[in-house]
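Engineer: Mind looking over this structure? Questions follow.
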Amino acid sequence: MQIKAEEISQIIEQQIQHYESRVEMSETGTVLSVGDQIARVYGVQNAMAMELLEFPGGVMGLVLNLEEDNVGVALLGEDTHIKEGDPVKRTGKIFSVPVGDAVTGRVIDPLGNPIDGLGPVEAKETRNVEIKAPGIIARKSVHEPMYTGLKAVDAMTPIGRGQRELIIGDRQTGKTAVCIDAILAQKGQGVFCFYVAIGQKKSTVALVAETLRRHGAMEYTTIISATASEPASLQFMSAYSGCTMAEYHRDNGRAALIIYDDLSKQAVSYRQMSLLLRRPPGREAYPGDVFYLHSRLLERAAKLSDALGAGSLTALPIIETQAGDVSAYIPTNVISITDGQVYLEPNLFNAGIRPAINVGLSVSRVGGAAQVKAMKQVAGTLRLDLAQYRELAAFAQFGSDLDKATQLKLSRGMRMVELLKQPQYKPMNVAEQVISLFAGTRGFMDDVPVEAVRKFEEGLQEYFHNAKSDILNEIQEKKALDEGLIAKLGAAIDEFKKGFKA
């Protein structure tokens, strides 16, 4: 094959005609110093707060400090290959993450990159992670229930859609277990769940993912993971990334639930970054704006007005206390931001009362409006009864003679404590809870031995599912107990008791 000279000249002419000169302009700077995942950069005069800068090797950095002659940047990756004098490029992009249905069922990092080996996240839309919380007019008061599937929570500290309920307690008291149960309880409820793991061990996150997958909950759940080995900047930003992804559903008229596990570790990573950026330390060496760190995050959980689609975002932040010290800086901050707290106690946990909820210290400030009437009817006095039982139990230790009424209160209290115990990963729907609590509070279990209460409850639930499913359905539909239904319930429980052997 021979190429003729005129053909060559033709090709050259075509190339000249289609030639486009491209000049890319980007503002660059120079690394002044780098270390501990913090870089000082000179020369990027127009950089914005929360903007991403590109370092050599594709490592991204987040602009946090804007000073007169340089900017303080938190690196979102390894700093080992970055050195003084390296060029830094502005991207002009504010920190944003992919949102939408594409992230559902995935395990991703705070930047939106998949870490579950299931291929790339094909999201059609991205959103900035720092978004202003909805105002007062945009909101509606909390009025729909968000069931956790736990009798102790749904009966005494009910949670509503759009609420922020703090889960607080020492390490190893079952805080994560309560939240995982809450995710499992959303099956078939049309709620999109988000679990943000901040500073956890990788093995713990893998275990959570496996548990959710095993119970079929990953279909509607997203896990955002910034483990203990990640840079502090990613641990700090992970909560906002998760919140932005959950807000997408809230803004589209759906219901979402987000769990921050846990905000103590987020505050620690923020303190680390602030001190390295030379911001002045305050109480417990936390920076002055650590309250704002959590308030701007948790204020984004809301029940939106009908005009905005009536979507909701419910937040369950977790705080780990040290030796039960609820009056430390971060716990008091988050308690004052949230709409109530569920307090878990190691003593109760070790005594076999699980979930280890201290009923006296746990409150729900707005959830009462969201509780269904049937639950109010059966559990209305439960909190007070348990408080009286605990007081009487303390006196009864002295072995003084007790009158009949006191003995009845003590024996019923013991049975109610036993009844409120629940195995892990076994959430109950509202009708099942109403039946169990009805049997307990109306005295049907007073003659059942304490050690047989759990067996009685299991048998009762099985009996209702097999023989009296019409009553279960009626409770689900009516969401209230009328006289006819109360009579039916009583008769059915009596019938079951005749055949029950402890």
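The backbone N, Cα and C atoms fix where each Cβ goes, glycine too.
Quick paste from Swiss-Prot:
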type    : residues                                                       : note
BINDING : Gly169, Asp170, Arg171, Gln172, Thr173, Gly174, Lys175, Thr176 : ATP binding site
SITE    : Ser362                                                         : site 'Required for activity'
Engineer: Taking Cα atoms as reference points, which of the binding-site residues Gly169, Gln172, Gly174, Lys175 is nearest to Ser362 (site 'Required for activity')?
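Structural biologist: Going through Gly169, Gln172, Gly174, Lys175 one by one, the Cα closest to that of Ser362 (site 'Required for activity') is Gly169.
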Engineer: Give the three-state DSSP assignment (helix, strand or coil) for Lys175 (ATP binding site).
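Structural biologist: Assignment for Lys175 (ATP binding site) reads helix.
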Engineer: Which residue among the recorded positions Gln172, Thr173, Thr176, Ser362 has the fewest other Cβ atoms within 10 Å of its Cβ, if you could check?
Structural biologist: Gln172
Engineer: Which number gives the other C-beta atoms within 10 angstroms of the C-beta of Gly169 (ATP binding site), all protein chains shown included?
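Structural biologist: I count 27 other Cβ atoms within 10 Å of it.
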Engineer: Out of Arg171, Lys175, give me whichever of these binding-site residues has the highest number of other Cβ atoms within 10 Å.
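Structural biologist: Ranked by Cβ atoms within 10 Å, first place goes to Lys175.
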Engineer: Translate the DSSP assignment of Asp170 (ATP binding site) into the three-state scheme.
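Structural biologist: DSSP assigns Asp170 (ATP binding site) to coil.
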Engineer: With every protein chain in view, what's the tally of Cβ atoms within 10 Å of the Cβ of Asp170 (ATP binding site), excluding that atom itself?
Structural biologist: 18
Engineer: Using a 10 Å cut-off, grab the number of neighbouring Cβ atoms around the Cβ of Gly174 (ATP binding site), all chains included.
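Structural biologist: That number is 21.
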Engineer: Look up Ser362 (site 'Required for activity') in the DSSP assignment and reduce it to helix, strand or coil.
Structural biologist: coil
